[in-house]
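Structure record follows, encoded as structure tokens.
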Amino acid sequence: MGAGIRILAAFLAALAAAAGVAAQLRQDYYSAVCPDLESIVRDAVSKKVQDQPVAVGATIRLFFHDCFVEGCDASVILVSTGNSTAEKDHPNNLSLAGDGFDTVIKAKAAVDAVPACTNQVSCADILALATRDVIALAGGPSYAVELGRLDGLVSLSTNVDGKLPPPSFDLDQLTTLFAANNLSQADMIALSAAHTVGFAHCSTFADRIQPASVDPTMNATYAADLQAACPAGVDPNIALQLDPVTPQAFDNQYFINLVNGRGLFTSDQVLYSDARSQPTVVEWAQNATDFEQAFVDAMTRLGRVGVKTDPSQGNIRRDCAFLN
């Protein structure tokens with residue numbers, strides 16, 4: 001069986017499994033118990049973003065890292081215990097910014113401060129809503145969020161292995177990983193545009209800017225700028241903006257950057273350098289409206305990944321960082 005057929009088969013199988021999940025989630029899930037949920041979360045998220053604009057990229061990344069490991073169940077927020085290392089302490093998650101976690105914690109506190117809503121809304125749903133809200137606050141599309149997820153009961157560092165795409169992935173590797181999560185190649189390209197906001201440490205792209213062997217798919221001026229910002233022996237805590245043009249705006253500049261050879265990661269630039277995905281990148285670089293619709297559709301499908309709705313699989317955590 002060829003690689004393309006295997007990817008398609010995996011995607012179709014995962015899509016069939018997702019159909020049942022989608023039927024169990026609904027936008028008005030909390031309308032009877034917490035009718036003002038969305039405005040409560042939006043107000044709390046807005047305050048957080050005003051205080052710390054970096055919360056935008058941090059919250060989006062937290063949602064993605066949560067959904068790709070054990071599904072969208074807020075398991076990434078759980079802290080490690082004496083005898084168990086949680087997802088958030090896996091090496092691939094150590095760079096998750098604290099402001100993402102704090103966005104959810106503050107929104108959860110605001111929700112629980114309303115008596116009718118106390119302990120009625122899952123952390124997983126609050127994270128999904130907060131992600132939508134930070135995107136909208138940064139100028140991106142707002143969209144309806146399906147609700148009804150339960151919070152997971154398990155968070156193990158070992159579950160993260162092989163579940164998150166490293167910045168070195170090529171198109172086939174990206175497509176395969178996303179297909180395993182019910183997401184198409186177009187979904188993957190759309191979701192990659194979350195890199196229009198946020199930061200990355202020099203170590204994540206250092207291999208592309210080595211003076212003796214700069215990645216030929218990278219714009220030479222951009223490579224020189226990155227070399228100046230990330231010299232040999234640079235402080236490992238130094239981080240650069242993923243989008244050098246409109247770093248705080250959620251827009252289609254990500255795709256324009258790729259066309260111009262200004263994708264920061266290999267896994268970004270390959271979306272343009274690979275002829276199979278290049279037409280989609282070019283289309284969305286030229287048409288922000290089409291991109292935004294594709295992104296909303298992809299985010300909705302991402303929010304269905306591995307969702308737990310059966311009480312045997314999850315519950316509503318009183319504290320997002322700890323099991324009940």
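Including glycine, each Cβ sits where the backbone N, Cα and C put it.
Here TrEMBL flags H65 as active site, proton acceptor. Sequence-distant neighbours of H65 (active site, proton acceptor) (same chain, 6+ apart, CB under 8 A from its CB) are V76, E87, N92, N93, L96, L164.
Annotated Ca(2+) 1 binding site per TrEMBL: D66, V69, G71, D73, S75, E87, in sequence order.
Per TrEMBL, heme b binding site is recorded for H195. Every protein chain shown contributes to the tally, and the Cβ of H195 (heme b binding site) ends up with 23 other Cβ atoms within 10 Å.
Among the features that TrEMBL reports, Ca(2+) 2 binding site is placed at T196, D243, T246, D251. In this view, T246 (Ca(2+) 2 binding site) is surrounded by 18 other Cβ atoms within 10 Å of its Cβ, with every protein chain counted.
According to TrEMBL, the feature disulfide bond maps to C34-C117 (among others). Within its own chain, C34 (disulfide bond) has I40, V111, V114, A116, C117, Q120, V121 as residues 6 or more apart in sequence whose C-beta sits under 8 angstroms from its own.
Taken from TrEMBL, the feature disulfide bond covers C67-C72 (among others). In sequence order, F63, D66, A124, L127, A128, R149, L302, G303, R304, V305, G306, V307 make up the list of same-chain residues 6 or more apart from C72 (disulfide bond) whose Cβ falls under 8 Å from its Cβ.
With a cut-off of 8 Å between CB atoms and residues at least 6 apart in sequence, the same chain places A74, I77, V104, K108, D151, I316, R317, C320 near C123 (disulfide bond), listed in sequence order. What TrEMBL records for C123-C320 (among others) is disulfide bond.
Annotated disulfide bond per TrEMBL: C202-C230 (among others), in sequence order.
Annotation comment: TrEMBL describes 24-324 as domain 'Plant heme peroxidase family profile'.
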Which of these recorded positions is closest to T196 (Ca(2+) 2 binding site) if you go by CA atoms: C67, V69, S75?
C67
Work out how many Å separate D251 (Ca(2+) 2 binding site) and H195 (heme b binding site) at their Cα atoms, rounded off.
10
Cα-Cα, whole number of Å: S75 (Ca(2+) 1 binding site) versus H195 (heme b binding site)?
23
Mind telling me which of the recorded positions V69, C202, C230, C320 has the densest Cβ neighbourhood, counting other Cβ atoms within 10 Å?
V69
Could you tell me the C-alpha distance between C202 (disulfide bond) and D243 (Ca(2+) 2 binding site) in angstrom, no decimals?
14
Reported as an integer number of Å, what is the Cα distance between H195 (heme b binding site) and D243 (Ca(2+) 2 binding site)?
7
